[in-house]
Amino acid sequence: MSMVVYNNQEGEEGNPFAGALTEFSQWLWSRPLGNPGAEDAEEEAIAAQEELEFPEDEAQARHSCLQRTTSWATPKEVSPSGRVYQTVRHSRMEYSRPTMSIRSQASYFSSSARPLPPPPVPSLMSWTPIAKYHPSSPTSTSSKLRRAAPKLIKRG
């Protein structure tokens, strides 16, 4: 079982789902994973944060990600691997500059009989608005649409 919840927002005001998603994310993150009484439970937690600054635009981009995985032994009838794995992750990205602010967050939960490969974490570089750094594509070069370069005509 796995579940992913996404929320993209330009400011939280006017977004009726922003508060609900924040509450859900907090509930999901605080929820005890695994079998609390299991003596052989193993837990792994990862916290990552990255930031980018664009001085020419007075812009900043931030990405933070928290992930927790818990596993514990279980009978072979329940899980062929003999363990159950549960993972919860919360990812939040922000991009802001004087004229705009964009926030995006996602929560992820999975429970499996075998360790799952980690879900892809959005890259901050691919998420930030970088279109202005790439030249626009050239206009069509077909012979019918090609325009001749302007010529200077001298009159005597």
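Positions of Cβ are set from backbone N, Cα and C atoms, glycine also.
For 38-54, the entry in Swiss-Prot reads region 'Homodimerization'. Per Swiss-Prot, region 'Disordered' is recorded for 55-80, 106-156. Per Swiss-Prot, the feature region 'RNA-binding' maps to 57-156; the stated evidence is similarity to another entry. The feature phosphoserine is assigned by Swiss-Prot to S71, S79, S137, S140, with similarity to another entry given as support. According to Swiss-Prot, the compositional bias 'Basic residues' annotation covers 144-156.
Of all the modified residues given, namely S71, S79, the one with the smallest number of surrounding CB atoms inside 10 A is S79. The DSSP secondary structure for S79 (phosphoserine) is coil. Per-residue confidence over the region 'RNA-binding' (57-156) averages 72 (mean pLDDT, predicted model).
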